[in-house]
């Protein structure tokens, strides 16, 4: 132990550590003392409890030390979180973000047509749908255009819009890099990115914003809708809305527009049918609004008239009405009905001009003629007698 203490007392350095490492130290077994040997250690036992005064200054924070700040993860500094129910209201923003569609007719041969009255796009499956993006001021560098599809009705808005299992499993229209479950795709742009939100699982597609070319005021993005609206297991005849947003590279919203989409076999026919139904609905709504107003006016007019007196009603029965000389206009549809009613009117006018005595004489004369004519037709008619073989005429 003396040699070990002598070596340990040497100044510690890299060379002395090597000497200590090479030394073969013999471990000395230390036996615990017997119980009798603990008698001298009674003085080390605590006869009284430890009394320590509490120092409140230990928990005081000096004013010079900065307060601890909460840790911020990388998710907090990234793009803003996506809402569970995306907003569909239009928001042009400070840049005047707008959407335009090419003018097209309602012919049966068209593959894509837009109705301004309905704010609805009708297109066929996997056909090109050009959408023009217009801004009043250029967005910051790195801006992107996002397309997101959601269900229109509140009862279905929480569901994610996906393709039906049939169109996902077939090899047709599934050759590109886009995931098979995404409904909205971008055509002719290799820089498109297909996203799936980690919280809502909604599908969207992003393309970098491209400034308009020389001589043009809009940027065109070609979209495809890869499933019919009537597909079972997919949209299942549920109407959908497509939301187009202009965002910065960090995800800040710059503008938003939305429109309804119907994917069908004959876009022109369906657009024409829905526009006709919209006009009928508007006419019906207008009629229902005007009818109560007319009823209110009529009730007010009747209320403004004086109440009839019981004594005056007896006089009006004996005397002619005051309004007999008033002229009324009757609109009649059809010339035959007009001629018939005109004859009735002429006969009534003549009956008023003829005196009552002459009218009775004429009526009696017509009645006697009718009776005489009827009595004349009751008698037997004279006919020639038919000859029979056995009978002979007088000449024979």
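Keep in mind that glycine also has a Cβ here, set from the backbone N, Cα and C atoms.
Under the heading DNA-binding region, Swiss-Prot lists 90-281. Residues or ranges marked as Zn(2+) binding site in Swiss-Prot: 164, 167, 227, 231. What Swiss-Prot records for 1-44 is region 'Transcription activation (acidic)'. For 63-89, 301-322, the entry in Swiss-Prot reads region 'Disordered'. Under the heading region 'Interaction with DNA', Swiss-Prot lists 262-269. Residues or ranges marked as region 'Oligomerization' by Swiss-Prot: 325-356. Among the features that Swiss-Prot reports, region 'Basic (repression of DNA-binding)' is placed at 369-392. Residues or ranges marked as motif 'Nuclear export signal' by Swiss-Prot on the basis of similarity to another entry: 339-350.
Apart from 164, 167, 227, 231, the residues listed for Zn(2+), the same chain places the Cβ atoms of 163, 165, 166, 168, 226, 228, 233, 234, 235 within 8 Å of the centroid of those Cβ atoms. Mean model confidence for the region 'Transcription activation (acidic)' (1-44) is a pLDDT of 53. Assigned with DSSP, the residues of the motif 'Nuclear export signal' (339-350) fall into helix, strand and coil as follows: 12 helix, 0 strand, 0 coil. Taken residue by residue, the region 'Interaction with DNA' (262-269) breaks down under DSSP into 3 helix, 2 strand, 3 coil.
Of all the binding-site residues listed (227, 231), 227 sits in the most crowded Cβ setting, with the most other Cβ atoms within 10 Å. Residues 105-113, 120-125, 225, 227-230, 235, 239 of the same chain, all 6+ positions outside the region 'Interaction with DNA' (262-269), place their C-beta atoms under 8 angstroms from a C-beta of that stretch.
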